[in-house]
Amino acid sequence: VVKEKNRMGECPVWEERENALVYVDINSQKVCRWSTVTSEVQSVSVDARVGSVGLRRCGGYIIALGTRFAFLDWDTRAVTTILELEQDKPNNRFNDGKVDPKGRFFAGTMAEETAPGMRARRQGALYTLYPDCSVVKQLDQLDISNGLDWSLDHRTFFHIDSLTYAVHAFSYDVHTGKIACPKLVYRLEKEEQMPDGMCIDTEGKLWVACIDGSRVIRIDPETGKRIQTVMLPASRITSCCFGGKDYSEMYVTSAYDGLDETALAKEPQAGEIFKITGLGVKGIPQNFYAA
């Protein structure tokens, strides 16, 4: 549905008030918005790699870029820094993030590659930005903090640290925002490759984007079983979210960075954004950051 190619398309968020899909292109340092009404993509360039975007209750967006949290005013293009983190780790940047059911923004960090396939290990962390702009570090010694979401009853937090090749569940206290007691939900099969972004549907099942695996998979967190696989015409599938007027459509982002000329020739749609229909299941509306 979006032919404009992304180097590293990520973090799709359905914005009902705009009938639009908001997402980031991490490596192009852009926050983008694709209108389903006009079919055009608008974008705002920022001064660092931007890992994630969330909706704000009062309009505009919350973003995690470089190693800082910031507000983005879409109309004026102004970026206002909230606070800087990890200034002792110049090679780190924020990656995936999402707003929780109480309006807090969860986002995690990772170390950048210093050479293809070379990355300092256990440098990442997961943070929660509260509506009063205070921050709590929830997890540390992560490799690539990635996909995240909450169970429908708000008692479980799901998280992916990509290099574990697994999805984990934590107990989640909706009142304090604290997480605890990790347990394994699902370990990916070899052909599924590495887990990336993730979202939940109205049946409480998880959808996981598989980077280099050309697919999204649906997992039952209760049984730890994969129950569905949807193949896509690009290998580097990065994230997914539900959207459309009744949240019955799935939007899937992809990347072309990391593919050589031979691979790109075989994958003319690498970096595009796809829409999956006919899944027979719906998603739930996005949460808004409360400040």
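Glycine is no exception: its Cβ is also placed from the backbone N, Cα and C atoms.
Pulled from TrEMBL:
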- ASP196: active site, proton donor/acceptor (ACT_SITE)
- GLU10, ASN146, ASP196: divalent metal cation binding site (BINDING)
- ARG93, ASN95, GLU113: substrate binding site (BINDING)
- 8-255: domain 'SMP-30/Gluconolactonase/LRE-like region' (DOMAIN)
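Within 8 Å of the centroid defined by the CB atoms of GLU10, ASN146, ASP196, the record's divalent metal cation site, lie the Cβ atoms of CYS11, ASN95, ASP96, ILE144, GLY147, ILE160, SER162, GLY197, ALA209, ILE211, THR238, SER239, excluding the listed residues themselves.
Apart from the site residues ARG93, ASN95, GLU113, the chain places the Cβ of ILE26, ARG49, GLY51, ASN92, THR109, MET110, ALA111, GLU112, ILE144 no farther than 8 Å from the centroid of the site's Cβ atoms, the recorded substrate location.
Those residues noted as binding substrate (ARG93, ASN95, GLU113) have their most widely separated CA atoms at a distance of 13 Å. Within 10 Å of the Cα of ASN146 (divalent metal cation binding site), the following recorded positions from the list ARG93, ASN95, GLU113, ASP196 place their own Cα: ASN95, ASP196. Cα of GLU113 (substrate binding site) to Cα of GLU10 (divalent metal cation binding site): a distance of 18 Å. In this structure the alpha carbons, written CA, of GLU10 (divalent metal cation binding site) and ASN95 (substrate binding site) are 9 Å apart. The candidate set comprises the binding-site residues GLU10, ARG93, ASN95, GLU113, ASN146. Of these, ASN146 has the most other Cβ atoms within 10 Å.
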